[in-house]
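Peer 1: My questions will all concern the structure given below.
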């Protein structure tokens, strides 16, 4: 008798788990950046088109596979074909890579949350220097928010070659983040404006990429979640609901983000004007109140022509204050979450309250995504009779969390942020595209679209519409091939891979080349997961031939 599989208490629990997994930090710090870079509101056109032709169909397919096969990613694809076990292994490996670094973001969120109860906020002012005669030089060269992030939080080294020591405070926050994830796992399934930009191919590529990664396709998490469903569950309806809520959240987050951008840009612009007015008033003994924002440029031209020698002395300290340039500054990732947002928060009334609410929100988003990611790892492991017969689920979960936390200590070192960027940029992109491409081909052409359609009708009582069949069999695979070709050519044409390093003397990021060993790690990250697919098929082929007593053919 097959052991009874745990199930969701009700369909709503399953939908909330999928939403919690899909709606993550990318909705907050990636989507608004893409909108700003690619035409503002007009970016919604390619985004929504890609949602219809890529996001919803692939999400529905993964949910349907999990619900039909009632296994994790490895078992589900092995059921479809014994030669496809490597697809599930690749998904688990990519999810493991993600788990190693993603929870570090939650650790940083904990760090900022704990400091949000201080008055004033520690990132709102620069600390004094060692002699207490002025402000710290690095902080003055950068800004108080950048200083708190790069020096107090990361204590970042000048380059990836200088690894430094583990920073114990972020390390403790990382342990806390993993402890929270483990406790949640123990509760099981019950817890968990320029329209011309449309002619730019990168606009469509980035819209497709955002949809793809925001929904968490290819990691195996959606298959794992759906495997705990009743076979009669309406996964088509749930795929549409999760897709729409995920996209609506991204749009809402961009509205909030742009309002924060506007607030920050206006504040910085006015602050710049006040500094220039004070500088020129003191340097040229002007009457207080004579120099204003409206006549600043005219007075500057007059002073430059009337007092050229004196003006040349002051010129290095004069900045061109521009509201447009402030608004055009586009930031994504940790720079948006921990620098731009915190800079805006420090200037708000009751800043401690807003800071607590914001970083608590980041924690909820991050932990929700982490639970989905760990489910992609744990479900295939607990489904395995070899592993589950020797170790209970609590021990398996503890070991996965412990190993991920131990490896994650790499990202709390002084050079940890550089390694974080490597994992974030290269651990999943090409691998996930290849995984989902093989998944669609497997469902449509290995298992058979008609057979899969028959299974869905038997499960849900609903016939598969032409829309899903056209997307699965043709449009979505062609789109994934296009994305894969784009990223592969982009990596090749970009030449030597480079990264952004923090220069403490200049108080800004500088571009450097990756050393050889870092390039080797990047290659290993990409190859290790993608090679699981052909190696898994080859291993199955050899094993089956050996069992039959037939020697494998030698070329």
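Backbone N, Cα and C define each Cβ position, glycine as well.
TrEMBL annotations: computationally assigned, not manually curated.
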Peer 1: Under TrEMBL, which of the candidate ranges 240-261, 284-305, 328-349 is annotated transmembrane segment?
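Peer 2: Here TrEMBL associates transmembrane segment with the stretch 240-261.
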Peer 1: Out of 80-102, 171-188, 426-449, which stretch has the largest tally of CB pairs under 8 angstroms to the transmembrane segment (208-228)?
Peer 2: 426-449
Peer 1: Let me check one thing: do the transmembrane segment (356-378) and the transmembrane segment (171-188) come into contact, meaning three or more Cβ pairs under 8 Å with sequence separation of at least 6?
Peer 2: yes
Peer 1: Of the listed stretches (12-29, 80-102, 426-449), which one yields the highest count of Cβ-Cβ distances below 8 Å with the transmembrane segment (514-538)?
Peer 2: 80-102
Peer 1: Check for me, if you would, whether the transmembrane segment (12-29) reaches the transmembrane segment (240-261) - at least 3 Cβ pairs under 8 Å, residues 6 or more apart in sequence.
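Peer 2: As far as Cβ distances go (cut-off 8 Å, pairs 6 or more apart), the transmembrane segment (12-29) and the transmembrane segment (240-261) touch.
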Peer 1: Given a Cβ distance threshold of under 8 angstroms, which distant residues of the chain, six or more beyond its ends, lie next to the transmembrane segment (80-102)?
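Peer 2: Hits for the transmembrane segment (80-102): 65, 69, 72-74, 218-221, 223, 366, 369-370, 373-374, 376-377, 380, 400, 404, 407-408, 411, 419-420, 423-424, 427-428, 431-432, 434-435, 438-439, 442-443, 446-447, 525, 528-530, 532-537, 539-541, 544.
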Peer 1: Using a Cβ-Cβ cut-off under 8 angstroms and a sequence gap of six or more, which residues of the chain neighbour residue 22 (Na(+) binding site)?
Peer 2: 214, 215, 216, 242, 245, 246, 372
Peer 1: Same-chain residues six or more away whose CB lies under 8 A from the CB of residue 23 (Na(+) binding site)?
Peer 2: 245, 246, 249, 365, 368
Peer 1: Apart from 22, 23, 27, 214, 246, 365, 369, which residues in this chain have a Cβ no more than 8 Å from the mean position of the Cβ atoms of those residues at the Na(+) site?
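Peer 2: Going along the sequence, the neighbours appear as 19, 21, 24, 25, 26, 215, 216, 249, 250, 368.
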